[in-house]
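K.L.:
Okay, these came from TrEMBL:
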type	residues	note
REGION	58-78	region 'Disordered'
COMPBIAS	59-70	compositional bias 'Polar residues'
DOMAIN	93-164	domain 'SUI1'
Amino acid sequence: MAEKPQPVQVLYCGVCGLPAEFCEFGPDFEKCKPWLIQNAPHLYPDLVKDAGAKDGLSDQLQSTSISDGSSKPKEEVKRLPGGKIKKKEKQEVIIEKMTRNKRKCITTVKGLELFGVKLNDASKKLGKKFATGASVVKGPTEKEQIDVQGDIAYDIVEFITDTWPDVPETAIFFIEDGKKVPAA
């Protein structure tokens, strides 16, 4: 009779959580190296040789750095799953005019929430000011935006800067012919 196969024991990295054989393909291999040298030296013999070959002088040289006198703390980089770096959103308001049925216009306002403006309150104020329908909808990028009926793209800039002083006019842009044009 044949023997039953035994389950395989897999060693997972304590730093990145991947199986130790795959750490070199993960996002933080440099951080994993000390853990791998200590816990899985048989998997990466080159790391063990490199660690043993270092002497005190090379450690000193690596720890010494040239500084310009300013001690700015490094900003912590936010990473998404898979190691991709998350970009910080620019604080800007984008106004776009779309036409439907060849004569009706819809003005879309994106990015007001980045300045601390509540979109529901903003849509009510825009609707009252311009005597049109205004609503908060989810855009194609799954972010909320304000849709206002009518062509009010150029009047809306003055209204936004007067109503919400936190929004500078330099942060307001129009989308014209697929290009971003500053409103100021």
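Each residue, glycine too, has its Cβ placed from N, Cα and C.
Note that TrEMBL annotation is computational and uncurated.
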K.L.:
Using DSSP, what is the helix/strand/coil residue split across the domain 'SUI1' (93-164)?
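P.N.:
Final tally across the stretch: 27 helix, 26 strand, 19 coil.
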K.L.:
Restricting to the domain 'SUI1' (93-164), report the mean pLDDT as a whole number.
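P.N.:
In the predicted model, the domain 'SUI1' (93-164) has a mean pLDDT of 88.
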